[in-house]
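So that you can see what the record holds, here are the features copied from TrEMBL:
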| type | residues | note |
| --- | --- | --- |
| DOMAIN | 211-238 | domain 'PLD phosphodiesterase' |
| DOMAIN | 388-415 | domain 'PLD phosphodiesterase' |
| TRANSMEM | 7-28 | transmembrane segment |
| TRANSMEM | 34-57 | transmembrane segment |
Amino acid sequence: MTSFFTLPDWFVFLEVAWVIAISGYILTERRPPLATVAWIVTLAALPILGVLVYYFLGPRSLERKRRRRVVARAAKRQRRGGSRPNRASAVEALGSAGSRLAAVAAGVEQAPPLPALTLDIYDSGCETYTAIVEAIAAAQHHVHLEYYIFTEGEVARRFRDALIERAQAGVQVRLLLDGLGSKRMRAFLQPMRDAGVQVARFGPRMRPGFVNFRTHRKIVVCDGTTGFTGGMNVDDCHDESVIGVDECWRDTHARITGDAVAPLALAFLEDWQYATEEVVDGVEYLPELTGAGTHQVQICASGPDAHPQSIHAVYFTAITSARQRMWISTPYFVPDEAMQSALSSAALRGVDMRVLIPTRSDQRLADAAARSYFPELLAAGVRIFLYGPRQLHAKTLVVDDDAAIVGSANLDNRSLRLNFEAIAICYGREPVEQLVAMYEADLRKAREVTVKDITRLSIPARLYEGAARLLSPML
């Protein structure tokens, strides 16, 4: 009997069935449209390799952990309800300076701007690490640290020595490290464990469905009243006193004291519970708010489990609210469609829109994807600068004269939708002037991209950038 289908027909039939099946599955996950299309194309074109990649990187469900985290967050806030300032009044107190940005950040985070006794912004790794070690040495009750990368070296040894000394003095010390970013550290960390430092890993390194969800935060909290956050990991590459100014990465970090530290402290406690199932609570860890301080700082923490796009909303609002100036610094620039449109629209309405990125980062595919956006942005009037010769790792935004943002979040899909991130929105002229001075110093070491740079590209280079852009939702 003659077969109705030939072998090639069966291959076509199976391929069509496969595409229909995986399309239906991906569509149920409610991803952004471009990410949905990218995954469908990848899985359809490369069934075997695509499935392996998706198995480890694709799944987004953290529902059980998400529910636990939301409940824990609500419980802590309920216990502290009497000490929380009124959100509306805190936003209104800013007047026109940053009020729209503060309102959106308060809406997505349920945390208004809070007063800070002191606010210091550093562009030096040596100064940052010195300030952190001094804060650790002064701690009397607890020291909490959370880092994506904690790499063995001179800086890490300084941290280790300071943490061991505090633990031996009876201070509670907790160190939370990302399971992927800080690997092969067992021997280096053992002396801390022996001294009583509690060390935990955030997220299994290669467990399917969790590989994408990393803590990219850089948080230090001492006694609930002194906090640090920004772009610097614990790594010699940030410290000019260790490797020299020419090789040192350019980065930005912030030191905060006073009430504004509370959201950072809460973010760490949530992450610690998320990673260890241990509930750490009490007024010693989350002190009552005093209302004292001349600075206004708002912490925004995002993650895929509870509030996955809060920093995206903050960045988008910052760009769309700017009227005179919007200066961005980011090592990885892969904007989604909404962010790209916001950048172009701001430039078209006359905002001084500048984007500073490294000439060459440590992620070549992300660099290619970034370059693919240059033509549209340049056409709209966005000014793009390539920083060199050092690696640029600062993640900052300057919004008019109203707000300066320092944090761990890059302007890419991974930071804005997948990672656990934290940023500090610092309101007022003083922090803005500090970031502006740093930015202008960086521009003197940068080259502005021109239309000629784009037209000189070879066809292979354009193809490579186009392919990288297609993969940008997964970068």
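Residue 1 is the first one shown; counting continues down the chain.
A Cβ is built for glycine as well, from the same backbone N, Cα and C atoms used for every other residue.
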Contact set, same chain, for the domain 'PLD phosphodiesterase' (211-238): CB under 8 Å, 6 or more residues outside the stretch: 56-58, 60, 62, 122, 125, 128-129, 131-132, 135-136, 138-151, 153-156, 159, 176, 178-181, 202-203, 205, 247-249, 251-258, 260-262, 264-265, 267-268, 271, 284-287, 299, 301, 303-305, 391, 393-395, 406-409, 414-415, 418-424
Same-chain residues near the domain 'PLD phosphodiesterase' (388-415), Cβ under 8 Å, at least 6 residues beyond its ends: 35, 96-98, 101, 121, 123, 148, 212, 216-218, 229-232, 237-238, 246-254, 300, 302, 311, 314-315, 318, 321-336, 339, 356-362, 366, 421-427, 429, 431-432, 434-436, 438-439, 442, 445-447, 472-475
DSSP helix/strand/coil residue counts for the domain 'PLD phosphodiesterase' (211-238): 3 helix, 11 strand, 14 coil
Residues in the domain 'PLD phosphodiesterase' (388-415) grouped by DSSP into helix, strand and remaining coil: 3 helix, 11 strand, 14 coil
